[in-house]
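Undergrad: Here it is: the structure, laid out below.
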Amino acid sequence: MLKRSFFSDLYKYSSLPTFKITFFLILGVSIFFSIQNIQVINALVEGNGQAVNLDPSMLSSNPVYTVRDALLSSPYQASVIFLPILVSLVYSTHYQFGDDSFTQLLIPNWKVRLTGFIASSVVLSILSTLVFSIVNAVVLLVFLDSTLKNYLEFTLFLDVTVRVMIFAIVLTLLALLLVIVTKKSMTSLIADVLLLVITLSGILRGISSKIENLLPLIGAKSFAFGRIEGTQTSQLYGFTLLVVEGILFFVFIMLVEMIRMRRKNGKNIF
């Protein structure tokens with residue numbers, strides 16, 4: 001039954017026009033970011049920083065770091081910024097067109113139904129991230145400065161991609177939690193954007209750096225980049241933070257759905 005629920009949801013949501021259109025828009029933006037990053041890197045490597053209005057000293061003295069950042073940048077931006085939006089738009093349709101009630105008739109067990117729902121969203125995010133990473137790597141192989149191409153290795157690509165996938169999974173679970181709580185695409189989308197704005201604005205830094213470091217994009221930044229810079233937390237902290245928050249989001253999703261089903265069946269919440 002779980003297998004049936006998973007593949008049914010995977011096929012259903014990946015077939016939606018909303019998913020296809022949004023996915024290819026994100027892919028297009030990702031390719032644009034890749035080309036822009038390569039132009040900047042190549043200009044700095046050639047000592048032509050004026051062409052991109054940047055100081056050549058901004059380029060890392062370690063070419064491995066430069067290539068690693070190039071492998072990370074575009075897929076990371078696409079996965080942590082745009083994938084949660086994709087999940088909100090696609091999976092909110094479950095509550096908008098009667099799919100929820102229909103699915104309950106087909107799969108009465110809410111735990112099986114919800115697990116398949118969650119698993120399909122996670123798999124779609126992982127596959128999307130893999131596509132973004134592969135396309136970015138191909139663009140780098142074609143256009144990156146020849147002196148840096150020697151540092152493009154499969155193990156480095158795999159390491160970066162897996163790290164981005166972990167971010168994608170956690171943020172997908174967060175987006176899915178917002179969808180299940182709000183049941184509306186616009187409301188969950190606004191919540192996603194607000195969380196992103198709060199993260200990028202640094203507004204929490206003025207309140208408490210410890211609180212700010214609980215945000216995945218801040219606390220796990222060193223894990224994403226594979227090194228510690230400045231006052232960043234350790235990679236171990238970042239990885240642990242992502243794992244713990246991923247588990248918490250999953251538990252919250254299950255709790256919200258359990259409460260909803262108990263109320264629907266006229267049972268006590270606890």
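Including glycine, each Cβ sits where the backbone N, Cα and C put it.
Taken from TrEMBL, the feature transmembrane segment applies to 21-45, 76-93, 114-144, 164-182, 189-207, 236-256.
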Undergrad: Are there residues at least 6 beyond the ends of the transmembrane segment (189-207) whose Cβ is under 8 Å from a Cβ of it, and what are they?
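TA: Those are 81, 84-85, 88-89, 174-175, 178, 182, 215, 217-218, in sequence order.
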Undergrad: Select the range from 21-45, 164-182, 236-256 that forms the most Cβ-Cβ pairs under 8 Å with the transmembrane segment (76-93).
TA: 164-182
Undergrad: Can you say which of 21-45, 164-182, 236-256 has the most Cβ pairs under 8 Å with the transmembrane segment (114-144)?
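TA: Comparing 21-45, 164-182, 236-256 against the transmembrane segment (114-144), the winner is 21-45.
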Undergrad: Taking a Cβ cut-off under 8 Å, which residues six or more beyond the ends of the transmembrane segment (21-45) line up next to it in the same chain?
TA: 51-52, 54, 56, 58-59, 66, 70, 73-75, 77-78, 82-83, 85-86, 89-90, 128, 131-132, 135-136, 139-140, 143-145, 147-148
